[in-house]
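A.B. asks: Could you have a look at this structure, given as structure tokens, before my questions?
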């Protein structure tokens with residue numbers, strides 16, 4: 001219960017910061033100023049927006065399928081929020097440390113699609129319906145390259161446990177029960193003879209343990225943009241043609257929930273990308289001989305210092321990815337539906353399949 | 001016909017994507033600077049291509065030209081209530097009522113004697129067409145265009161600007177004074193006429 005409340009609180013904080021950052025970043029990239037009035041530099045703008053939404057009338061359209069309409073936001077948010085349960089925030093801090101975290105996450109995020117379809121269908125509105133259909137088509141399609149990219153990580157790490165995958169990517173690896181005698185080699189190739197087990201830092205991140213995962217990371221990042229309906233894959237919410245997509249009929253608190261779910265999804269996919277590819281809560285600084293930067297910036301597992309460092313590194317990397325998501329949104333134009341499907345089925349999926357194959361061979365080299 | 005070179009291929013796509021990111025990043029970085037509210041004749045006016053273009057309008061604004069035509073203002077102390085502005089106005093937005101003073105009221109700043117009170121001097125800015133004719137005919141230069149252009153109102157009645165310096169009571173008093181004086185003068189005239197007839 002405590003983990004639930006803490007995660008929810010942290011998530012709200014991050015989402016509010018992100019909503020503000022989105023407006024400011026967008027403004028700066030377009031030579032504008034963004035919000036300036038509410039609070040210093042407009043920093044309370046997102047809070048003010050949320051308060052405004054909470055005060056608004058809760059409108060349920062007369063012709064809507066009321067049960068579906070009311071249930072959809074709850075389902076969408078619950079699906080995304082449940083994904084946070086398996087995210088490790090530090091060496092000891094994980095809301096629910098289950099052994100099949102990756103599998104659970106993929107499954108629970110897919111539930112989101114059902115909620116989207118419910119919202120689109122229940123609204124009884126053509127824009128909402130079109131938006132929901134596009135959204136579902138897009139998310140279902142892009143789950144395949146995303147899943148394959150994650151699969152290649154699972155193959156390299158030989159684990160479905162996020163915490164175990166995290167430990168493998170740092171100097172603290174041997175402290176995880178079951179990994180006491182594991183070794184990390186540079187690029188995962190023992191033949192090179194460079195043992196990075198105690199060097200840690202960036203050299204043991206998954207994208208360096210098995211450089212093929214860099215390709216998997218790019219594939220996952222592109223697919224995750226599509227899964228969270230972010231530009232340039234935002235055709236489900238294309239303002240210029242669909243007004244707002246599946247949530248066009250929602251107002252007040254329900255809209256706030258959908259908005260929250262959307263931004264939570266962005267945070268979640270970035271967190272997963274960081275955990276699977278960019279060293280999770282591990283520090284990017286390696287131990288260099290007597291200068292044990294990695295140990296100094298990791299803390300001791302089981303103590304408060306490791307929680308602080310873990311959360312710091314995890315969130316820093318996540319915010320860099322989130323910034324990249326924002327920048328992509330304000331740089332690239334929206335893809336057409338056929339281009340979207342072309343990219344998914346004819347480019348990303350075959351490449352992801354090849355990456356899975358190469359990752360398997362790489363794993364053989366690592367033994 | 002020369003064939004247009006087609007840019008395709010993985011390398012080109014990646015290059016163009018990265019250069020797009022570079023563009024937005026440059027703008028993001030330059031957002032530390034912001035353009036300054038300078039007049040168009042200023043040297044820097046056209047030399048601020050980088051940074052945020054926004055001016056926080058109510059707090060900052062680009063200066064307007066001196067000879068621009070914006071909101072009218074009447075300096076009633078300098079006004080001799082000659083009614084020229086009301087006569088020249090093509091849209092009849094100036095309403096003036098005048099009352100002759102019983103004695104000389106004073107002088108305007110350019111030395112013209114004032115002999116008329118203005119119980120009503122209203123300019124309806126909602127009707128005004130900003131032609132500026134009234135300011136050219138004004139003999140004492142008391143009617144001027146100010147650089148104020150942001151004066152929208154919720155109630156259109158508030159667009160009528162009252163420039164008179166007399167309260168209704170004062171103007172009533174002046175009217176009565178004038179009537180009294182005219183009565184006295186008429187009486188004096190009648191007496192003089194009667195005296196002349198007697199002769």
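Count begins at 1; order follows the chain as displayed.
The backbone N, Cα and C atoms fix where each Cβ goes, and this holds for glycine too.
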A.B. asks: Of the ranges A:170-188, A:189-207, A:208-226, which one does TrEMBL list as transmembrane segment?
C.D. replies: A:208-226
A.B. asks: Pick from A:39-59, A:102-122: which range does TrEMBL record as transmembrane segment?
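C.D. replies: It is A:102-122 that TrEMBL annotates as transmembrane segment.
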A.B. asks: Under TrEMBL, which of the candidate ranges A:307-326, A:327-346 is annotated transmembrane segment?
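C.D. replies: Spelled out, TrEMBL records transmembrane segment over residues A:307-326, not the other listed ranges.
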A.B. asks: State the residue range annotated as transmembrane segment by TrEMBL; the candidates are A:231-254, A:255-278.
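C.D. replies: In TrEMBL, residues A:255-278 carry the label transmembrane segment.
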A.B. asks: With pairs closer than 6 in sequence left out, are the transmembrane segment (A:347-365) and the transmembrane segment (A:71-90) joined by 3 or more CB pairs under 8 Å?
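C.D. replies: Taking Cβ pairs at least 6 residues apart, the transmembrane segment (A:347-365) and the transmembrane segment (A:71-90) are not in contact, as fewer than 3 fall under 8 Å.
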A.B. asks: What same-chain residues lie close to the transmembrane segment (A:102-122): Cβ under 8 Å, and 6 or more beyond its ends?
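C.D. replies: Long-range Cβ neighbours of the transmembrane segment (A:102-122): 64-69, 71-73, 75-76, 79-80, 82-83, 85-86, 128-133, 135-136, 139-140, 143, 147, 150, 154, 160-162, 165, 227, 236, 245-247, 250, 258, 261, 265, 268, 272, 276.
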A.B. asks: Using a cut-off of under 8 Å between C-beta atoms, tell me which stretch among A:208-226, A:255-278, A:307-326, A:347-365 contacts the transmembrane segment (A:142-162) the most.
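C.D. replies: Top-ranked stretch among A:208-226, A:255-278, A:307-326, A:347-365: A:347-365.
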A.B. asks: Determine which recorded stretch among A:208-226, A:255-278, A:347-365 has the most C-beta pairs below 8 angstroms with the transmembrane segment (A:307-326).
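C.D. replies: The stretch with the most contacts is A:255-278.
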A.B. asks: For the transmembrane segment (A:208-226), give me same-chain residues lying six or more residues beyond its boundaries with a C-beta closer than 8 angstroms to one of its C-beta atoms, as numbers and ranges.
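C.D. replies: Those are 138-139, 141-143, 145-146, 148-150, 152-153, 156, 168-169, 184, 186-188, 202, 232-233, 269-270, 272-273, 276-278, 321, 324-325, 328, 340, 343-344, 348, 351-352, 355, 358-359, 362-363, 366, in sequence order.
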